[in-house]
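Annotated features in Swiss-Prot:
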| type | residues | note |
| --- | --- | --- |
| BINDING | 390-397, 436-440, 490-493 | GTP binding site |
| COMPBIAS | 142-166 | compositional bias 'Basic and acidic residues' |
| COMPBIAS | 198-207 | compositional bias 'Low complexity' |
| COMPBIAS | 209-231 | compositional bias 'Basic and acidic residues' |
| COMPBIAS | 252-265 | compositional bias 'Basic residues' |
| REGION | 142-170 | region 'Disordered' |
| REGION | 192-288 | region 'Disordered' |
| REGION | 390-397 | region 'G1' |
| REGION | 415-419 | region 'G2' |
| REGION | 436-439 | region 'G3' |
| REGION | 490-493 | region 'G4' |
């Protein structure tokens, strides 16, 4: 072959020119791109590259590949087995270590072997030496014992003298102890040396082998990455790794099938079972369960909060939720696993199941907030809070008007009080705060709140009317609140006034006049003329002095919500009666489920004020929502904590309400299943104040019967909004506004959806119209009335109709269109209708009393002489509640 250039040679071998020039340079030849290359130079370069790549040296790496093919029978879905070919490929790479490394490892192994032999030899020598020393010690001990025995025998035969220690025996004993201590020290030191040598040898071997192991691991990973390998992980592939394993599997399957085909109960089968039981491996003792089922019932201390679900209660008692559900079914209550239970119900269930109950208080933050108050302030006298109670139209508000020199009763709708009015009056002898409560039966909760917040109750009884139902209820509220009661016998200016009758009737309910030796003061008054009003005020102040009413004046205020409403321009407004402390503008108030900072304060006359002391009623603005009447209002220090407490109360109120609703839903469901479908009258109710809203809801709830139920789907305080109208339209409800009106947007929705809208200002009218609507929803009642009676005198046969009864109408009137009954001996034997009614061969629509007629009964021919034909009508009767 002729010489060639470097550039052509690079193109032939498939390398770049620069790389080829670099390899020539490494081989000791300097070449450029245009230089020629001879055959000798090519061979020289080839020899260098072979040497560089190790072609001439002994190979240091060897790879072995193995491939095995086997057949495995696998059961198919059709019940037949099919053969599956399984191919297993294995690849293993061996790497030869360097000679220097092998020599070093061999040297280390030789050293370790020599060291181990030396240690073994030393150990054998030490053991031999120890055995010799032990033998010498034992011989010395035996010799000493023999000498001691001989001496003791000699002493027995000689007279008793004082013993003297043998010097030789003592010396032998000391020498034995010294040898023993020396042996123990030598043995301990030898063990320490052996442990140190073994640790050093292990460390050296680890240093040598760590590099080798790392290199082998790297080479193995490279081989797996670059080589053709197959990892078998499936159960089938592992089972088919060897053909002999597959054959064993087939033989085992045939043996199992053969055993399965044996007759049951035979001797072979029994022997096989016994052999199987003998050969069956038992689990090791360490795998046995450490838990044993309790032999007796376990009683736990169950901590229950204000509300808890059934699943949470089961977790606390370490039982299944089904046990609690069964227990509550036994107690007469149906629950689900996620139903919320109140604290009392959960306590009963836990105690029934034999556990101890610990009731926990979750409102710790609320307790801390309410406890953080000024308690070190002195008490001062305060004005009495007087509640005026009595029956409707007995003159409560008129009497208060005369005291206040104002006309409030004229402004009330219908002349009756429908709100709690709070007023304070300055008299010559001091200040008095009056609460005017409604007297109508619907306002029971209002009167109860008035009695709770009061110091003295004035019971107004009309002298011409006497004791009435709400009078008795007021007496009960006063007694329940343990409040002193003063009776004001009103309307004494009327000619038919009879105060003695009032005293007599009140005595039947435990109210005895002081004139009759009782404890109650009776004052005769007239709201028109003012008779006895001064004596009444003096009696109130006298009673307050006896009670010694005192309160904190300069501390943080606390009171009770008398009334609340949602004002369109001002937002939530609450009337609060301050009971202690001084309420100031800017205070943070926690009021039931609501909280807020007081933005403005007004008295009962609408005048702006900045603070209010004890026994002063005041209107406040700035709460987050409308509080419920009767809630306690408390001034707190931190608005953030007040918000947390209010949110906590709202969540708890929601949980308790949900628990009650679920319980009532289940009860209603079972009642409906028993009694059938119940008609519902849906109502969306809005009122001007919270107290009126509660009174209306209670009155409407009392109207519900077994057949018609009043369902108040939404209630609230404030004007009727578009949301209320939309809800009423969606639920087919009546929209009711009590002393409130609908805004413009709500009126558009009401007109477009044709919602039934009702406005009321007097509670009587509202209740009467709802009762009338419920009456219209009652299922009609039908009654059968007998309108005529005819007696059969003779029977004729007609080829077209059949039997024709010749009758005489003895009572009422017989109509052809009315249904009839055929009576024989006053027993109904047929009920149907007339087919023919004739008089003198002419069809007649009706035949009256005392006339004869021919009657053909449809589908009935067994009419006999003496039978009676009774004609009746079904009449619908209107029902009332």
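Each position is counted from 1, following the chain as shown.
Using the three backbone atoms N, Cα and C, a Cβ is placed for every residue, glycine included.
Residue 393 (GTP binding site): 16 other CB atoms within 10 A of its CB, across all protein chains. Within 10 Å of the C-beta of residue 390 (GTP binding site) there are 27 other C-beta atoms, taking all protein chains into account. DSSP places the residues of the region 'G1' (390-397) in helix, strand and coil in these numbers: 2 helix, 1 strand, 5 coil.
A simple Cβ count within 10 Å picks out one of the binding-site residues 396, 492 as the most packed, and that one is 396.
In the predicted model, the region 'G2' (415-419) has a mean pLDDT of 42.
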